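Structure below; questions to follow.
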Amino acid sequence: MNPRRKSRFKLVIFVVLGIAIASGLMLYALRQNIDLFYTPSEVIQGKDNNPNQKPEVGQRIRVGGMVVEGTVVRDPKSLKVRFDLNDIGPAITVEYEGILPDLFREGQGIVAQGVLTQSAVLSATEVLAKHDENYVPPELGEKMQKVHKPMGIKAADLKGESARDRQEKEGAK
């Protein structure tokens with residue numbers, strides 16, 4: 001092999017190794033940030049009722065479900081909150097320290113993100129409250145009222161109820 005070919009070969013090997021190392025580091029970094037989504041039933045029983053597909057203790061996950069009525073316990077001396085979360089099956093316990101979203105309440109759907117500390121206990125770092133498709137934030141609702149009043153649009157129209165819906169309700173009475 002002549003010296004010119006040798007230097008090209010070294011350059012190609014160097015570039016391929018650089019790309020491989022960069023790809024490996026990217027995959028490793030992304031793997032650290034992947035939070036798999038589970039329902040409370042899947043946390044307890046595994047996905048598709050397969051115990052081999054249960055999240056492991058210490059794994060970062062996201063769990064979505066409904067806050068069980070009567071299970072919200074707040075620590076009076078701190079921002080710690082503990083509540084149960086379920087879907088149609090068994091419930092898991094969520095422990096969270098921080099300010100809960102305004103839409104958080106019992107019987108409401110939420111998504112909690114955190115680390116599974118025991119097989120059925122999630123230490124949440126973030127709690128997101130879900131709302132229905134008709135939700136309008138109060139500030140936006142007020143601004144929309146000001147803009148739409150001159151046009152003759154009623155407040156009920158802004159909350160997802162059309163004139164036809166109101167007529168159907170009145171006709172049913």
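Backbone N, Cα and C define each Cβ position, glycine as well.
Here the structure is a predicted model, which means the values were calculated and not measured.
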Could you check which of 86-107, 130-151, 152-173 is flagged in Swiss-Prot as region 'Disordered'?
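Matching range for region 'Disordered': 152-173.
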Along the topological domain 'Periplasmic' (30-173), what average pLDDT does this model show?
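Across the topological domain 'Periplasmic' (30-173), the average pLDDT comes out at 78.
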